[in-house]
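Engineer: Pasting a structure here, questions to come.
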Ligand SMILES: *[C@@H]1O[C@H](CO)[C@@H](O)[C@H](O)[C@H]1NC(C)=O
C-alpha cells in the first residue's frame, strides 16, 4: 500500500488492481515424518491447556522416542503442511498439488495456533464448504465439494502469541498451490466479463488468467489485430500459478488481450484484459524550494520557486502553504514544465509563488508540496520581512 498515492483527483485510477504481489514461495520442506500426525478418527480436539515451554508431549510414543530422530522441540517450531489423503494417509505437500474436483481437500498445518489464508473467492463466499479447526497441535483446513474455482494458493501462518495477543509470523508461512482440474472449465472462472489493468512504466503487470489444471497449455492473444503474443520468458513470461507477467510494460503492450488454454480436445478463452498504459512515476517527486531572498523589505516583491526534476511525461502537481494565506492573500503562482538537457529523458516542473509588495503578514514559512501518482513530498523555506530601511543599511 505505501507505494500507492491516493490523490483524490486521480481517483479514477483503480490502483487496487495494480498491486502486484510478488509471491514468494517460501515453502518449507517438511523434514518430519507425517505419520506423527495420524489422526484418531472422530477425535475431538482436546482442550488446550497451557503447557510450559514446547509441546512435546505426544503420548507414550513420543516420550520414548529418541529426540535425535523423532520430534524435537526445534522441529516443532517449523510449521509443517501435510495433505490428508483418503484412508488417513498423509502426504507432505510440495509447491503444488492437484485434487480432483468434487473431492475433499484437507490440509493440516502444525502449530498452535495457526492462521490460514485461502483464495479470495473462498474467503468472500462462505457457502459452508470450507471449515477451519484448530486442534491442540495443528490447524486443519477442510474444503468439501471442490470445484475448479477453488484453485489457488492456500497458506498456513504460524501464530506468535503473547497471552491472548497473537500475530501471524509471515516469515514462517507455508504455502501450497492447489489445482482442482475441472474437465469443463480450464480457467478459474471470473465474475467479470473483462478486467481493466493498468500498465505502469517499469512495473511488472500480471494478467491473472489462472488455469485449473497444471497440464493445460496456455497462450496469450491480442484481440486487434488478432495475433498470438510471443511469450519469450523475458519480456513476457508465464507461470502456471499466476498467469502471464509483462515485466517491463511499454505503450505497445496496451490493448485487449486474453489467454487461451487447451487440454486434450478442450480449448477455452479467459476473461478479457484491457491493458491501459500509464506513465507512472518510479518514485515520489523530490522538490527543491528557493526564495528569491530570505529577507525581504516591506514593499518589495518575493518569488518562491519549487522545482522538481523527474521523469518525462509524469505529471507533477504543486500545492502551497504560505503565511499570507490566513489574511486572505490570493495564491498567485506560475507553473511551467520544460525538458532537461542531457541523456536521461527528464523534465523540470516548476511552480513559482509570487508575492507582490510584501507586507509584515508575509513573513514566515513557505511550504511547497509536490505530488505525483507515486506520492508527495513537502519542502519549506523561511522568509523574513524587514521594515523599509529609513536610514542607511550597514
Ligand atoms: C456436498 O455435496 C453433497 C452431495 O451433493 C451435499 O449433500 C452436501 O450438502 C454438500 N456439502 C456442502 C457443505 O455443501
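Cβ atoms here come from the backbone N, Cα and C positions, even for glycine.
Automatic prediction, not curation, is the source of TrEMBL annotations.
From TrEMBL, for reference:
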type: SIGNAL; residues: 1-30; note: signal peptide
type: REGION; residues: 34-69; note: region 'Disordered'
type: COMPBIAS; residues: 53-69; note: compositional bias 'Low complexity'
type: DOMAIN; residues: 79-156; note: domain 'Ig-like'
type: DOMAIN; residues: 284-384; note: domain 'Ig-like'
type: REGION; residues: 325-345; note: region 'Disordered'
type: COMPBIAS; residues: 325-337; note: compositional bias 'Polar residues'
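So where do these features actually land, and what's packed around them?
Structural biologist: Across the compositional bias 'Polar residues' (325-337), DSSP helix (H, G, I), strand (E, B) and coil residues number 1 helix, 5 strand, 7 coil.
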Engineer: Which sequence positions outside the region 'Disordered' (325-345), separated from its termini by at least 6 residues, show Cβ-Cβ distances below 8 Å to it?
Structural biologist: 309, 311-312, 318, 351-356, 361-362
Engineer: Using DSSP, tally how many residues of the domain 'Ig-like' (79-156) sit in helix, strand and coil.
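Structural biologist: Its residues fall into 11 helix, 36 strand, 31 coil.
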